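J.: Among the features that Swiss-Prot reports, [4Fe-4S] cluster binding site is placed at Cys43, Cys44, Cys108, Cys139, with the record citing sequence analysis.
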Amino acid sequence: MNSIKFPVLDRTTKNSVISTTLNDLSNWSRLSSLWPLLYGTSCCFIEFASLIGSRFDFDRYGLVPRSSPRQADLILTAGTVTMKMAPSLVRLYEQMPEPKYVIAMGACTITGGMFSTDSYSTVRGVDKLIPVDVYLPGCPPKPEAVIDAITKLRKKIAREIYKDRIIPQRGNRCFTTNHKFFFVRSTQTGNYDQELLYPPSSTSEISTETFFKYKSPVSSHELVN
């Protein structure tokens, strides 16, 4: 049975009829059937895989791992996220139906870990890409800590009002080597800036106005010449 308390759901009449609200009923059904999408890239994922065994038995929480983001409402990121993998992670998150949740598992996912000290290709925190609901520190976290994070997420869902959830702004993201992310307008317009065909010696010399400035379309013949 679910041990999470609902203020309205606990009131019953003499005939054992439960009086509740649609919002509490929706929260109860969602927290009892979380379907996670496992996004594991490092050793933290091995710790999460041990939860599937009989020792921890995470099926008692209603967790059913899914391989498709369209069938999942929880994504669990475990391991290092590189700049090259960032667009794929954002695409998976945007394909998940609302409401959706994120658990960041491990130091590499939360802050970049030891790989972020001298690596230009490591994302220093997955929350720069997608909104995170629960942070789970550790290197790697134990399976008991993962269960505790899932319990905290279930408590958060129990107190949730769906209309108050802040839906993240959808748009194309631009990120640079200094790990600054920006929402920009669509770049898939077929228009290209000729000034970017011959980049300077340092990418830091390109201003933001120049990078997102659009001119008339350039034909393939002009590009060759």
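Using the three backbone atoms N, Cα and C, a Cβ is placed for every residue, glycine included.
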J.: Once Cys43, Cys44, Cys108, Cys139 are set aside, which residues in the chain still have Cβ within 8 Å of the Cβ centroid of the [4Fe-4S] cluster site?
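T.: My list of surrounding residues reads Ser42, Ala78, Gly79, Thr80, Met105, Gly106, Ala107, Thr109, Gly113, Gly138, Pro140.
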J.: Could you tally the C-beta atoms, other than its own, that fall within 10 angstroms of the C-beta of Cys44 ([4Fe-4S] cluster binding site)?
T.: 27
J.: Across all protein chains in the structure, which of the binding-site residues Cys43, Cys108, Cys139 has the highest Cβ count within 10 Å?
T.: Cys108
J.: Reduced to three states, what secondary structure does DSSP give Cys43 ([4Fe-4S] cluster binding site)?
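T.: Going by the DSSP assignment, Cys43 ([4Fe-4S] cluster binding site) belongs to neither helix nor strand, so it counts as coil.
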